[in-house]
Amino acid sequence: MMDNMTHFTTYTLMEPHNAKSYRYIYFTCFLFLYGMILFLNIWLSVVIVLEKALHEPMYIFLCNLCVNDIYGTIAFYPKFLHDLILNSYVIPSYMCAFQAFVVYTYVMCEYSTLAVMAYDRHVAICRPLDYHTKMNKFSCSILLGLCWVIPFLNMFIAVFLSNRLKLCKYHINKLYCDNWSMVKLSCESTVINNIYGYFVISFYFCLSVFIILSYIKLIIACKASLECRRKFWQTCVPHMFTVINYVIAVFFDAMYSRYGSNNVSESLQNFLALEMLIVPPLANPVIYGLKLHEVRKRIFKSFVNIRKQ
């Protein structure tokens, strides 16, 4: 398990509550959840890719959201299902770093995509005449690239800073690895990690403020026009629901990871850790698929075509 007295090559993870008694029930439930997440997100992505009528910025960003949900959940569900089957909750240090990297690039990419979608709706509703100029193929490509490049750079630096630390503990009190849990295992000073962590949190907090201000401006702008109100209700309400849910999930996860108490029940700990890996990937395709008229119409069309075959 260890190279020497202070370096551990394998970590142990938290066991689910009553894992020995209920692990097959847990396995069935999480396998079903993972199957639904993959099915809904892949279906919506394929519909958007294949339907030329949906090759618009709003739907392209929605497709990016679905692809990111698939990417993020790959880091958790297969490993967790494997652990439940074997009833062994251990992970090598390199896999732990990889899992933390994927989970938190997923979180950051989701935030970035939601911010880009807020900007897209702001331009579409507040400045409709400039929409096709501002949201052309080149600018959309740049925005999509930034949604992925910035999170990857942020997490590459964070994981690099974590891996340089000497460890004196090897148990992560969570169902999966995250960067701050790895940092807390160190016996050394973590001041640099702390400073960098607060920098990243501040950056994404500013993105959250940008999203909120965009929607406040949209609500004010929509008072003047019935058409604007119709657009806002159709395209922005599902987005607002997604943003609120995601901000709350990430906020509680970040606060618990950094300032969590042993007095918090294990069930609540697990809920806070898993909410952002269950609800957004499951809710996003359902909310957008049902609420956005064009997407809903194309999904029903594809479903009818499949039944005819």
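Don't overthink the numbers, they just go from 1 along the chain as shown.
Just so it is clear, glycine is given a Cβ too, placed from its N, Cα and C backbone atoms.
All annotation found in TrEMBL is predicted automatically rather than curated by experts.
The feature domain 'G-protein coupled receptors family 1 profile' is assigned by TrEMBL to 40-288.
What TrEMBL records for 24-50 (among others) is transmembrane segment. If you look at the transmembrane segment (24-50), the same-chain residues 6 or more away from its ends with a CB under 8 A from one of its CBs are 16, 59-60, 62-63, 66-67, 69-70, 73, 77-78, 80-81, 84-85, 278, 281-282, 284-286, 288-289, 295, 298-299, 302.
Annotated transmembrane segment per TrEMBL: 57-77 (among others), in sequence order. Counting residues 6+ beyond its ends, the transmembrane segment (57-77) has Cβ neighbours under 8 Å at 30, 33-34, 37-38, 41-42, 44-45, 48-49, 98-99, 102-103, 105-107, 109-110, 113-114, 116-117, 120-121, 124, 135, 140, 143-144, 147, 175-176, 235, 277, 280-281, 284-285, 288, 292, 294-295 in the same chain.
The annotation transmembrane segment is assigned in TrEMBL to 97-119 (among others). Taking Cβ pairs closer than 8 Å, the transmembrane segment (97-119) reaches residues 58, 61-62, 64-65, 68-69, 71-76, 79, 91, 143-144, 146-148, 150-152, 154-156, 158-159, 162-163, 176-179, 181-182, 200, 204, 207-208, 210-211, 214-215, 239, 242-243, 246, 250, 276-277, 280 in its own chain, all 6 or more past its ends.
For 140-161 (among others), the entry in TrEMBL reads transmembrane segment.
According to TrEMBL, the transmembrane segment annotation covers 195-220 (among others). Within its own chain, the transmembrane segment (195-220) has Cβ neighbours under 8 Å at 108, 111-112, 114-115, 118-119, 121-122, 125-126, 154, 157-158, 161, 179-180, 183, 232, 236, 240, 243, 247, 250, 254, 258, counting only residues six or more beyond its boundaries.
Per TrEMBL, transmembrane segment is recorded for 232-252 (among others).
The feature transmembrane segment is assigned by TrEMBL to 272-290 (among others).
Only residues 6 or more beyond the boundaries of the transmembrane segment (232-252), in the same chain, are considered here, and those with a CB under 8 A from a CB of the stretch are 58, 107, 110-111, 114, 117-118, 121, 124-125, 204, 208, 211, 215, 218-219, 222, 272, 275-276, 279-280, 283-284, 287-288, 291-293. Long-range Cβ contacts of the transmembrane segment (140-161) within its own chain (Cβ-Cβ under 8 Å, at least 6 residues beyond either end) map to 57, 60-61, 64, 68, 97, 100-101, 104-109, 112-113, 116, 119, 179, 192-193, 196-197, 200, 203.
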